[in-house]
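Database features, via TrEMBL:
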- 23, 24, 25, 26, 27, 28, 29, 30, 94, 148, 149, 150, 151: GTP binding site (BINDING)
- 30, 67: Mg(2+) binding site (BINDING)
């Protein structure tokens, strides 16, 4: 199933960067992406810049079922906004972990979603995160760890999450590559920062594509 917010021809898709979104089943990937899509469709100040309460206003949570395959979320270009070239978010379900690697090469960046309110699954998330960072296909590609559901009363503190996921060590060993954000797909916490990170990743991918096109081709 493919979700697109634009009725115009999709010519922009060829130039748009693809961001891979993965995480354990139930971590809240679909809800989080649904909120991003809703904000994008409304053209709220979240996409136009900081300083507005609308940027973090809670939205009704979308109805979701566990993703058993892959989902594409297409965010068309916003003139004067943070996504002038648009963006494609590809979600691959947690049950599809054995085939995640098939999508690494095309990804310009990676979102790794962690359920901060399920301590019993954090060790598994830590192992998956380590594997992602060690994969040669993702070397030097921007990666953002989203500590989701931080608004829930049973969510672990930032220091507890840092310790279990070894985030401090990972940031030291991957300087400039790894970003960590506390978010909530339900109340909108952290969405403004997330959109800025996505915009930066998309811009970096576009710059890299231009640089690659200018390199002389060896026969």
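Just so you know, glycine gets a Cβ as well, placed from its N, Cα and C.
DSSP gives residue 27 (GTP binding site) a coil state; it is part of no helix or strand. For residue 23 (GTP binding site), other Cβ atoms within 10 Å of its Cβ number 25.
The binding-site residues 25, 27, 30 differ in how many other CB atoms lie within 10 Å of their CB, and the one with the most is 27. Here the binding residues for GTP are 23, 24, 25, 26, 27, 28, 29, 30, 94, 148, 149, 150, 151. Their largest Cα to Cα distance works out to 22 Å.
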